[in-house]
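Engineer: As annotated in Swiss-Prot:
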- ASP51, SER52, ASP90, LYS119: 3-methyl-2-oxobutanoate binding site (BINDING)
- ASP51, ASP90, GLU121: Mg(2+) binding site (BINDING)
- GLU188: active site, proton acceptor (ACT_SITE)
Amino acid sequence: MSYLQDDKPVTLFEIGKMRAEGRKISMLTCYDASFASLLERAGVDILLVGDSLGNVVQGQKSTLPVTLEHMIYHTECVVRGSTRPFIVTDMPFGAYHESPSQAMHNAASLLAAGAQMVKLEGGTFMAETVRFLVERGIPVCAHIGLTPQSVHQLGGYRVQGRSEAAAAQLKGDALALEQAGAALMVMEMVPAALAREVTASLASMATIGIGAGPDCDGQVLVLHDMIGVYPGKKARFVRNFMTGKTDIDEAVASYVQAVRDGSFPAAEHCY
């Protein structure tokens with residue numbers, strides 16, 4: 001179960017305390033009330049209402065077609081099914097890129113739907129928007145490394161930060177986003193050694209890895225991936241936690257424990 005008392009909601013303060021005390025943070029994507037309830041029972045700390053629903057729920061080839069209305073609807077569903085986990089919702093493509101004011105308007109809609117934090121993709125160039133939101137009372141989770149909304153610009157789903165220049169850019173991005181007020185940051189498909197350096201360089205912003213090695217402050221996976229419900233080739237960073245389990249509750253509890261004790265991700269899941 002969770003580090004917290006079963007009936008005690010996970011808050012941003014508690015997440016910061018977990019980071020400070022070296023207790024790993026577990027996050028999974030979630031898109032509906034039934035799974036929200038299941039993930040809560042298994043002790044997941046953070047539910048990410050991810051725009052990955054475009055891939056695993058809608059059958060899209062990318063997250064780009066997902067709309068703000070989709071994210072509001074799925075956030076409302078997740079909120080109805082859970083009471084304890086902290087809820088983070090992705091801002092979809094096009095919902096925050098035009099201006100900080102546009103981001104504020106759309107982030108407010110997501111918080112009204114029940115989200116407790118919004119997540120947006122991008123590095124230093126998004127720092128102004130992050131600061132604008134945080135100064136107006138909207139908690140922000142940043143996302144660097146492989147940013148799926150930029151899949152066409154990046155030339156596909158590739159590991160980021162391999163070159164010296166790219167690594168320096170990611171380090172600079174992380175510091176700029178922390179200084180702008182982001183409280184959490186997802187690092188996706190980043191070499192484990194680089195993710196470790198970035199995490200160590202930050203004063204208080206908690207890092208959540210996906211394909212970013214074991215030294216982040218926490219881990220996240222797409223729910224459908226970690227229970228083996230995915231089409232095509234499995235990504236290197238994915239582990240099927242249903243293997244050897246009799247039900248999904250047991251698989252999710254196993255994921256939470258593996259994140260907590262540091263056995264996931266293992267070397268074979270890292271770059």
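Going from the start of the chain as shown, residues are counted 1 onward.
Just so it is clear, glycine is given a Cβ too, placed from its N, Cα and C backbone atoms.
Bear in mind that the values here come from a model prediction, so they are computed numbers and not experimental data.
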Engineer: Write out the long-range same-chain contacts of ASP90 (3-methyl-2-oxobutanoate binding site), meaning residues 6 or more apart in sequence whose Cβ is under 8 Å from its Cβ.
Structural biologist: LEU48, VAL49, GLY50, ASP51, SER52, THR63, VAL66, MET71, VAL118, LYS119, LEU120
Engineer: Near the 3-methyl-2-oxobutanoate site, what residues other than ASP51, SER52, ASP90, LYS119 in the same chain have a C-beta no further than 8 Å from the centroid of the listed C-beta atoms?
Structural biologist: THR29, LEU48, VAL49, GLY50, LEU53, THR63, VAL66, MET71, THR89, MET91, PRO92, PRO148
Engineer: Express the distance between the Cα positions of GLU188 (active site, proton acceptor) and GLU121 (Mg(2+) binding site) as a whole number of Å.
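Structural biologist: So the alpha carbons of GLU188 (active site, proton acceptor) and GLU121 (Mg(2+) binding site) sit roughly 11 Å from each other.
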Engineer: Using a 10 Å radius around each Cβ and counting other Cβ atoms from all shown chains, which of the binding-site residues ASP51, SER52, LYS119, GLU121 yields the largest count?
Structural biologist: ASP51
